[in-house]
Amino acid sequence: MKRHLLEAADLDRADATLVLDTAAQIDAALAGREVKKLPTLRGRTVVNLFYEDSTRTRISFELAAKRLSADVINFSAKGSSVSKGESLKDTALTLEAMGSDAIVVRHSASGAPHRLAHWVRGSVVNAGDGTHEHPTQALLDAYTVRRRLGRLEGVRVAIVGDVLHSRVARSNVRLLHTLGAEVTLVAPPTLLPVGVGSWPAEVSYGLDPVLPKSDVVMMLRVQAERMHASFFPSAREYSRRYGLDAPRMAALPDDAIVMHPGPMNRGMEIAADVADSARSTIVEQVGNGVSVRMAVLYLLLGGGVQ
Amino acid sequence: MAEHALGSAPATGVLLSAADVTRVVDRMAHQLIERAAAASPGAPDGGLSDLVLVGIPTRGAPLARRLAARVEAFSGIPVDVGTVDITLYRDDLRRQGVRALEPTLLPAAGIEGRLVVLVDDVLFSGRSVRAALDALRDLGRPRAVRLAVLVDRGHRELPIRADYVGKNVPTSLTQQVKVRLTEIDGADEVVLLGGER
């Protein structure tokens, strides 16, 4: 393992498998226990440095660090010295001077965690940067697929929706490819990035032909906050063409699962009855997120790499 | 312990052959049966259904399973087995770095109020046992915890001692005791390596 986790490409197949295996062991070790706490990272400090709003990722990281007995400091840009104009570098050096061992960072600017990694001595974990990457989300998604389907090699995954703005899609394409899955991106041409042809994934403009040959359908959120141009004519039309509703779900193979990184727009990219169906892993993904992030923190912070 | 004084270390070589390992495990199984019976006199099961053998991975785990199989063979009473991974409870994480985790598996009946015997291959500094005790504390409250090891090589760094010992081996700190078991290494053997003086 490298010292930082900045993007899915930081993990080769062995590393990624180690994270998933470690998460599975942690899950098994804590299952059914009254004391869901391990003493592993006692005395270490993890800072959650969040420049963008987040509920599940921040709480998930916080819980993961606390279950490993690390001390956690939550820092959000609102109401801090950032609003007085402090730079990312100065904020990071300040936090490090106070003794942080790891910084979990979310930032609206793509590449911010990379810059940060050059300035600090501790580990940096990317918890989502702009439209670039969100590697721990990809890890928890891979973990969820492996738990549900029992394998990743050869699993056919369709990633549907706003690929252009989605850091989840970027990280997932990279990681799932590393782990041997076959990815198909499904989106209107306006929501696909330039150069998508060089990604290790197939591309389809239509959802219906892809569904019968998918083991996993991963719906992406339509990110209203990033929709500053007319990427599609209307929400209704998008929902008609790319939304996952019950009739579309029926076209999936019998054991296929439906995923969503959350937060979801019910009725937009995913119908409510699909989101609440037995095939949906959306709630499971949240729970798995804590185990996977525990594994990441353990592997990055648990002493020098051998 | 006096017999562990430096200078009495034997030369490099085989400490236990495959046949020796089998004999030693059999003897330890008999001792477990004896002491369980002594602890609950008159019990129809000889106190054995109360017993849980918990192995410390890697090699403590198959050793615990073997002991349980021998106890059952000699007494006719099945004994619960489990494993407890201590990786996340170690105190040398900063120095040793991370290692892969092993499974923690406990019998369905758990360890609450039962007699737990921790099983490991080599007893050395005692730090693994301390970590295992910490892990057990998070898993439940056994009636009592005992310790069984195949080899006790001395050099304790903590006030810990084994209740069942396969073989006491005085060693020097520069030597290595290597336990090989069929389940993991393809053959049974205990050897002493290096550090001849």
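Cβ atoms are placed via backbone N, Cα and C, with glycine included.
Note that TrEMBL annotation is computational and uncurated.
Listed by TrEMBL as binding carbamoyl phosphate are A:R56, A:T57, A:H134, A:Q137, A:G262, A:P263; the candidate from A:R33, A:R106, A:R236 that the record includes in that site is A:R106.
Its own atom aside, the Cβ of A:R56 (carbamoyl phosphate binding site) has 15 Cβ atoms within 10 angstroms in the protein chains shown. Here L-aspartate is bound by A:K84, A:R167, A:R221 per the record. The longest Cα to Cα distance in that group is 32 Å. The least crowded of the binding-site residues A:K84, A:R106, A:H134, A:R167, A:R221, judged by other CB atoms within 10 A of its own CB, is A:K84. Of all the binding-site residues given, namely A:T57, A:Q137, the one with the smallest number of surrounding CB atoms inside 10 A is A:T57. Counting every protein chain shown, the number of other Cβ atoms lying within 10 Å of the Cβ of A:P263 (carbamoyl phosphate binding site) is 10. For the carbamoyl phosphate site, whose binding residues are given in the record as A:R56, A:T57, A:R106, A:H134, A:Q137, A:G262, A:P263, the maximum C-alpha distance rounds to 16 Å.
Distance between Cα atoms for A:T57 (carbamoyl phosphate binding site) and A:K84 (L-aspartate binding site): 26 Å, as a whole number.
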